[in-house]
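Visitor: Dropping a structure here in structure tokens format, bear with me for questions.
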Amino acid sequence: MTDNTIDSGPQVGLIMGSDSDWPTMEAAAEALAEFGIRFEVGVVSAHRTPQRMLDYAREAAGRGIRVIIAGAGGAAHLPGMVASATPLPVIGVPVPLKYLDGMDSLLSIVQMPAGVPVATVSIGGARNAGLLAVRILGASDPALQERMSAFQASLEAMVLEKDKALRTTLLG
Ligand SMILES: Nc1c(C(=O)O)ncn1[C@@H]1O[C@H](COP(=O)(O)O)[C@@H](O)[C@H]1O
């Protein structure tokens, strides 16, 4: 029997350690929306709400979530801790803060011990996190994969257009 609740529920969980991360994380939401991906957004902190973080990670797969994007700044333990408590793929976004320019977040997220992977994008790379989530979902959804291919073709067309414009400006 089909579980309509799961089929129509969010496919991606977009979480962040604080609402102050939203200006960075918003780009992930935009990318998901561009591809028509159903997603949920929430603040979950390993440091400040450890029980909520564990509950979220343990229940996500059962609710129909298929990919988790987790953004955090500073001592960014959220993505790794979530990955430790779910079998779902977790994409970590290092959020740059006032000090250390996000290097602290990047190193906190990327240096996971073997066995507990977090797919880490660049500092502030939330758009790529959203696009990576689309690609993961597209691996089992040919129509979505086709849309990703079309998006990639549009990138190529955009670059060729820029190349043409630059040459025209420089060479007349
Ligand atoms: N890195 C974490 C975690 C965590 O990893 O559990 N929880 C909050 N934070 C981060 O603290 C920064 C400052 O948060 P506030 O702006 O709320 O003080 C944010 O970038 C957040 O992701």
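A Cβ is built for glycine as well, from the same backbone N, Cα and C atoms used for every other residue.
Quick paste of what TrEMBL says about this protein:
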DOMAIN    10-159  domain 'PurE'
BINDING   Ser18, Asp21, Arg48  substrate binding site
Visitor: Taking the domain 'PurE' (10-159) alone, what is its mean pLDDT?
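Guide: The predicted confidence over the domain 'PurE' (10-159), as a mean pLDDT, is 97.
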Visitor: Per DSSP, how many helix, strand and coil residues does the domain 'PurE' (10-159) have?
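Guide: Counting residues per DSSP class in the domain 'PurE' (10-159), I get 79 helix, 25 strand, 46 coil.
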Visitor: Given the substrate site residues Ser18, Asp21, Arg48, which other residues of that chain have a Cβ within 8 Å of the mean position of their Cβ atoms, reported in sequence order?
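Guide: Result: Met16, Gly17, Asp19, Ser20, Val43, Ser45, Ala72, Gly73.
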Visitor: Tell me the Cβ contacts of Ser18 (substrate binding site) under 8 Å, same chain only and six or more apart in sequence, or just say none.
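Guide: Sequence-distant Cβ neighbours: Val43, Ser45, Ala72, Gly73.
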Visitor: Would you give the longest CA-CA distance, in whole angstrom, between residues of Ser18, Asp21, Arg48, the set recorded as binding substrate?
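Guide: The substrate-binding residues span at most 15 Å between Cα atoms.
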